[in-house]
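Database features (Swiss-Prot):
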BINDING   Asp39, Gly40, Glu41, Arg98, Gln99  ATP binding site
BINDING   His133  Mg(2+) 1 binding site
BINDING   Asp172  Mg(2+) 2 binding site
ACT_SITE  Lys195  active site
BINDING   Arg197, Asp221, Asp225, Thr226, Gly227, Gly228, Thr229  D-ribose 5-phosphate binding site
Amino acid sequence: MSSEGLMVFTGNANPKLAEAVVKHLNIPLGKALVGRFSDGEVQVEIQENVRGKHVFILQSTCAPTNDNLMELMVMVDALKRASARRITAAIPYFGYARQDRRPRSARVAISAKVVANMLEVAGVERVLTMDLHADQIQGFFDIPVDNIYASPILLEDLRKKNYDNLLVVSPDVGGVVRARALAKQLGVDLAIIDKRRPKANVAEVMNIIGEVEGRNCVIMDDMIDTGGTLCKAAQVLKERGAKQVFSYCTHPVLSGGAAARIADSALDEVVVTDTIPLRDDAAQCGKIRQLSTAPLLAETFTRIVRGDSIMSLFAE
């Protein structure tokens with residue numbers, strides 16, 4: 001894989017993913033000190049020449065969200081001042097994406113827009129992310145945004161499993177487009193869970209649209225946070241006669257007691273990617289399995305540098 005003129009740096013959010021990406025690119029990981037001063041302020045020093053290079057900073061803004069976001073901002077500034085030719089922020093998991101609008105004109109921030117502004121002011125010239133929580137966030141930027149998808153990775157794994165009588169389930173109405181695309185590619189039926197959310201991180205399953213009895217159900221979503229909604233959905237699917245229930249999700253946020261909740265749930269398996277490193281309790285959970293996004297990210301980095309099409313990676 002040609003990677004001439006390309007350099008990859010990382011903060012402390014997901015160094016293992018960065019190491020896997022540069023291994024696929026057959027280049028070393030960029031040398032940088034990303035630490036803290038005694039008072040907790042972020043300290044960054046680029047420790048090699050980046051002049052005239054196309055630099056990618058691979059940094060998910062996952063928990064600790066504010067620390068990882070600030071590391072990214074300070075790294076961008078350090079690279080800009082070191083005369084990098086172009087800076088791409090590769091943010092596999094884009095934090096602060098869940099507040100992307102003002103529902104019913106509520107007095108809330110649009111934090112996704114705030115982060116977009118911060119990245120641009122810092123000096124980012126392109127953003128690369130994966131499975132954005134809301135596609136419209138791309139419009140918050142005045143620079144190019146490439147939102148790629150983990151679907152080829154998840155699809156490949158699903159096809160290897162070769163489940164019979166498969167049914168793709170959307171966890172809510174908002175996820176129907178994603179779930180329908182997966183169902184179409186697999187050539188299977190689609191069901192939808194109709195739910196309402198009275199407050200953040202709390203959802204009540206209302207109804208299931210579609211026949212699930214005797215089916216192997218795959219719940220497709222962009223992220224798992226507390227896992228409460230997912231576990232409740234699996235329980236209802238099993239009560240309606242589902243044979244097995246699997247979940248395929250891109251981002252394993254898995255906050256609070258999510259791993260324990262999944263372990264005790266009706267879910268047979270939860271498959272996630274490595275956009276976010278697994279916490280210790282999640283890594284030890286026998287029901288959670290992680291797939292690598294490194295080959296996809298490495299190929300995307302190369303295509304960006306060459307000026308090749310990225311959309312063709314996902315055309316099917």
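Using the three backbone atoms N, Cα and C, a Cβ is placed for every residue, glycine included.
In this view, the densest Cβ surroundings among the binding-site residues Gly40, Gly228 belong to Gly228, judged by other Cβ atoms lying within 10 Å.
Sequence-distant contacts (6 or more apart, same chain, Cβ under 8 Å) of Gly227 (D-ribose 5-phosphate binding site) comprise Leu254, Ala258, Ala259, Arg261, Ile262, Ser265. Checking Cα-Cα distances from His133 (Mg(2+) 1 binding site) against the recorded positions (Arg98, Lys195, Thr229) with a 10 Å cut-off leaves Arg98, in sequence order. Taking the C-alpha positions, the distance from Asp225 (D-ribose 5-phosphate binding site) to Arg98 (ATP binding site) comes to 11 Å.
Among the listed binding-site residues, namely Gln99, Thr226, Thr229, the Cβ with the most fellow Cβ atoms inside 10 Å is that of Thr229. Here the binding-site residues are Glu41, Asp172, Asp221, Asp225, and the one whose Cβ sees the fewest other Cβ atoms within 10 Å is Glu41. DSSP gives Asp225 (D-ribose 5-phosphate binding site) a coil state; it is part of no helix or strand. Here the candidates are the recorded positions Asp172, Lys195, Gly228, and by Cα distance the one nearest Asp39 (ATP binding site) turns out to be Gly228. For Arg98 (ATP binding site), the count of additional Cβ atoms within 10 Å of its Cβ stands at 12 [all protein chains shown]. The record assigns Asp39, Gly40, Glu41, Arg98, Gln99 to the ATP binding site, and the maximum Cα to Cα distance across that set is 30 Å. Ranked by CA distance from Thr229 (D-ribose 5-phosphate binding site), the recorded positions Gly40, Glu41, Arg98, Gln99, Lys195 have Lys195 at the top as the closest.
Nearest Cα neighbour of Asp221 (D-ribose 5-phosphate binding site) among the listed recorded positions (Gly40, Asp172, Lys195): Asp172. Closest in space to Glu41 (ATP binding site), of the recorded positions given as Asp172, Lys195, Thr226, is Thr226, taking the CA atom of each residue.
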